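Annotated transmembrane segment per TrEMBL: A:26-46, A:183-204, A:231-253, A:259-283, A:295-314, A:351-368, in sequence order. Summarising the annotation, TrEMBL assigns domain 'ABC transmembrane type-2' to A:145-374.
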Amino acid sequence: MSRIFSLQRLFAMLIKEFIQMRRDRITFAMMLGIPLLQLVLFGYAINNDPRGLPTALVAMANDPYSRAAVTALENSQYFKFTDVNVSPSEARSLLRRGKVTFVVTFPSNFAKQAEAGTPNALIEADATDPAASGAAVASAPAIIENAVASIKQKNPSLKQDLLKSSTIIHRKYNPEGITQYNIVPGLLGVILQLTLVMMTSIALTRETERGTMENLLAMPASPFEIMCGKVLPYLGVGAVQVAVVLIAGRLLFNIPFEGGLLLLIGAILVFVLALVLLGYFISTVARTQMQAMQMTFFFFLPSLLLSGFMFPYAGMPEWAQTLGEIFPLTHFLRVVRAILLKGAEWSEVSASVYTLFLFVGLLLMLALKRFKRTLD
Amino acid sequence: MNAIEVKGLTKRFGDKLVVNNVSLKVKPGEIVGFLGPNGSGKTTSIRMMCGLLKPDEGNGQVLGYDLIKDRLLIKSQVGYMTQKFSFYEDLTIEENLSFVARLYNLTPLRKHTTETLEKLGLLSRRNQLAGELSGGWKQRLALAACTMHKPKLLLLDEPTAGVDPKARRDFWEEIHRLAADGMTVLVSTHYMDEAERCHRITYISYGELLADGSLSDVIADAGLYTYTLTGPNLERFIAELQENNGVQQVTPFGNSLHVTGTDLQALKRVLKPLEQNEDIQIEQSETNLEDVFIKFMSDSTDNMQ
């Protein structure tokens, strides 16, 4: 008994492990925090049958039929009319920028069509994410039909024939509803984020752990030089990854390249810069490589869930959307999908790119500030 | 102008007072031993002097540059060798040297690294990873790397911990060569033989300068008298001797016992009864540096509490 297994020795091990576990605050917090985070995010924020999708309304005429149809669409909870009575060109721009998921258009003669029994509404859907728009689009024709019918019933003088409604549906940017079109550009962002943040997050902690930091600091290298030296090589790594993903996306998945390549590369560069600086910032906070990894993971998980990569962004509750805005990935996904799938121009993605620039500036400042403090 | 002239250096980490009011003067070309008990803040003091840390209080000059304002200038003209090997173990010897040479902008690069490798005697092993070197070689590489830019001041933090006596002797020969060329050296150490190789010794205990001067000055200033007892089974006397007021410390050295005290007459009185034992020889001997340091340490309370 005492040779192979002793309860006393096991007890000694257990006590030591427990003390060490308790002393490593970050690990302890992660063990409790991650399950709770997952539970809340998955439980409340994630919705595979998203409701309340932002919709633009183009109503050529203000008639009772289209009004009833709009009310009915809104009552279905799938559609939330965020931009009402915009011009057709404005509506299209909103769709390209990803501000709205649908554009609903009622023609000027909708009332006449309704009374004649053939109401033709037009629904343009941003189908880049087939999962987000699918259910709403499928239910829309019936909803409009019922709304028109109920108005007609109030007016017995009209012919109460069966409606031959033909709501026209345009699934734009991804008419065949190919999931890869949405996933692969998103994967570009996710792959870049995973590797670059992780690699740069151990940049400084590795020096500290190996004891080389003290020497490095004693030599005449400024914090800015050290940061650039640590971070720039990963821009190269990022460039290779971008090339691989884009070429594979084209060759294996036939991902459309609607927009300009130069604009795309520029946007990717800003995103990559934000990522390496984020990683570097983590490495100024973490004390060990292990902690850096944990922090990266802690950041990675919610960004995956809330950025619109795995689940439709527009389908999340407002608080989750607000939370999603703090991740560079969220903004990058908008840009890369808009450029690749919708052929968006600079003016249509500039807001998101500027936000990415904001991340770069903020993280640069934070990292340099933190670094100065770690000297002492 | 002194190479180092600092006054009242104080450093706290949180609530803990790590360095308390350290003042130090080092003349150009001197090799000064910086001594003190564990936890007396020697490493932190050195880090403040090479611009790595900002002192909370105190001021002074290193190589004529202000300790607070000109830290970057100090860094470029001081060589600092850390306690633990802190070059890159996953780089080769030559790659490490090239890295340092580039940081200090030494041109032509090739000439500097080759010369250093030659001096080290590592020319044939230039492509070996630094991590594969033995402790003694690592330490020589570190010294070579941090003196490559010919600093005017070299700060060494316990440079020969864990190094064999031969390597330690070689190391000190190199230090003396560098000093002969005009380099000032400040070296912190716990080893008496290292301290004895310095031109001057400074002993600091919790902010108090307890001794400062050449080896013989420090020993003389301590005012200690030492008797050496030789014979078998001397351990039996240790406890008894220590209880005496006239005896400061009793230290066993192999088969002999060093009995030290500040009062020669009292010491003689204490040892008188032992003369009856025929197998024990008692004679007055020279007080050595270690006796002096042990006296310093037992006089001051430890900082660990």
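Easy rule for this one: first residue shown is 1, then count along the chain.
Quick reminder: no glycine exception, Cβ is built from N, Cα and C everywhere.
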Task: Tertiary contacts of the transmembrane segment (A:259-283) (same chain, 6+ residues out, Cβ under 8 Å) - done: 188-189, 192-193, 196-205, 227, 230-231, 234-235, 238-239, 242, 292, 295-296, 299, 328, 331-332, 335-336, 338-340, 342-346, 349, 353, 356-357, 359-360, 363-364, 366-367, 370
Open item on the list: Checking distant contacts: for the transmembrane segment (A:26-46), what same-chain residues at least six beyond its ends satisfy Cβ-Cβ under 8 A?
Closed with: 286, 290-291, 294-295, 297-298, 301-302, 305-306, 310-311, 316-317, 319-320, 323
Task: Cβ-Cβ under 8 Å with the transmembrane segment (A:231-253): same-chain residues at least 6 beyond its ends - done: 180-181, 184-185, 187-188, 191-192, 195-196, 199-200, 203, 265, 268-269, 272-273, 275-277, 279-280
Task: Spatial neighbours of the transmembrane segment (A:183-204) far in sequence, C-beta under 8 Å, 6+ residues away - done: 213, 230-231, 234, 237-238, 241-242, 245-246, 249, 253, 255, 268, 271-272, 275-280, 282-284, 286, 289, 292-293, 295-296, 299-300, 303-304, 307-309, 328-329, 332-333, 336-337, 340-341, 371, 374
